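Okay, structure first, notes after.
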């Protein structure tokens, strides 16, 4: 022992005390276990179970016995030093462990335990104090003082292991037990690592059985006949309890963890899995490729492909029927979804190669390889021609066709083909907008603001706008229906600047004018500005653009406004004059209300200005046009 120096005492047990020491030669920290009783011969020392078992067990998850020293009739075991035990690690936690850390801890415990059982020993005293740690990353099984060989004959001592981790057969004083008692202790430790609390903290052996019954429920005689024999031998009467759901007791455990825990804590020791079987539970099966079974994960991908067969493909329709081709191309996704998915190795490659498989089949070539080359990226020209001819008919399904083209990994040269497939209607709309923006005809611009349609074509650009408006009505869009609803429910307040647009219904939400441009009506907003400029050029009075405020003076109170709000003679439709009176001459679209007066006061709207007497012989518009809901 002169080669080691002792630093401090780490713990004290039934059979010995543990000291922290350091090797003088290497400076390595060690744990020195000093046995309490004296040993007077080496033969007596070598017969110790701890020495016999640890000499045979060399595993990464079993604490390593470095040396055995007998000096002055005292026996010393030199172990590798571990920072703490699992009980200290649990006690110092102020929050729960993540499940990944718990899985790592339990995996190491079961690995070491499987090695112990494989070599013919079982521990008999597994508890958190006997699991040494270097943080949650490394766990090793220690303290083999109660270890027995499995092949040794019963009877065994009935008082083994700490009471909270004792298996039911040991609590019922069985003398014929074996390695399943270690598996039960692992289940108790697993629950404690999840909850940071012991699962069965009984004050006595009978109290521990009662606590086990409260969690697992009273076992039936058919489930564990040996247990009823042991209980009758002790004159023990089973408490009648119903089982609790382990998920409610351990809410932070996954379903795989609950499945493993339920099997580790079986009443009947024959029904508990062995340590090596527990390692094969789904709880520990992580990281294998998705879509491949664990049996096939070790095989090369070529074997998996041969087993599952070639990837599925869709045969295109005959070239004589171009529309049928387009439908077949679009509906290839639902057809494939109904087929059984046999493999999912690199699914994005399989998705990208569907159009290539179509071209391979059409040209009479064999099936493409499992990892297809990306040089043949163009769709067949006949299918493109069919789609180009029927682009108007396929308009409602444009989203699907767009998704299919985007999956085919097109190159930069192939994006020109997209204009033939789906953008004909949108390009026409953009053309019409540009023509409207460049048009100098104020009538067309005023009509674009109010969405009016004259009875006869006027000017050169009217036929184009009529065609575009009919196109818009044929295709139901959210934009046109929203604007029609908006204009049908509009009201007119005298003196409101037209720059603010038509006043919305007071009961509806207010739609700001800026949102029109964001919804694709930028051409219409420019028309509004031109009309406002002509209106302001006629009247010299200034109008407020902020709507109705507390200090607002209506424009009809001003003397300079003149005949803006008076009835005017309608001008002929064929030759509109640039003045404002010609703009007033446009008849509104039949069935659609024109400017109306404000209805009676509505809650939530700013109050109207006080009523005044008619000025300059103006007509009382509120009496002439009653309010209309």
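The backbone N, Cα and C atoms fix where each Cβ goes, and this holds for glycine too.
Under DSSP, residue 10 (ATP binding site) is assigned to a strand (E or B) in the three-state scheme. Cβ neighbours of residue 10 (ATP binding site) (same chain, under 8 Å, six or more residues apart in sequence): 18, 19, 20, 31. Feature annotation from Swiss-Prot assigns ATP binding site to 10, 11, 12, 13, 14, 15, 16, 17, 18, 33.
Within 10 Å of the C-beta of residue 125 (active site, proton acceptor) we count 21 further C-beta atoms, all protein chains included. Following the DSSP three-state reduction, the secondary structure of residue 125 (active site, proton acceptor) is coil. Annotated active site, proton acceptor per Swiss-Prot: 125, in sequence order.
Here Swiss-Prot flags 157 as phosphothreonine, drawing on similarity to another entry.
What Swiss-Prot records for 159 is phosphotyrosine.
Taken from Swiss-Prot, the feature phosphoserine applies to 161.
As annotated by Swiss-Prot, region 'Disordered' applies to 292-322 (among others).
Positions annotated as compositional bias 'Pro residues' by Swiss-Prot: 309-321.
Positions annotated as region 'Disordered' by Swiss-Prot: 454-482 (among others).
The feature compositional bias 'Polar residues' is assigned by Swiss-Prot to 460-482.
For 579-629 (among others), the entry in Swiss-Prot reads region 'Disordered'.
Residues near residue 12 (ATP binding site) in space but far in sequence (CB under 8 A, at least 6 apart, same chain), listed by position: 18. For residue 14 (ATP binding site), the same-chain residues 6+ apart in sequence whose C-beta sits under 8 angstroms from its C-beta are 145. Ranked by Cβ neighbours within 10 A across all protein chains shown, the binding-site residues 16, 18 are led by 16.
Looking at residue 125 (active site, proton acceptor) and residue 16 (ATP binding site), their Cα atoms lie 15 Å from each other.
Within the set 10, 11, 12, 13, 14, 15, 16, 17, 18, 33 that the record links to ATP, no two Cα atoms are more than 14 Å apart, and one pair reaches that distance.
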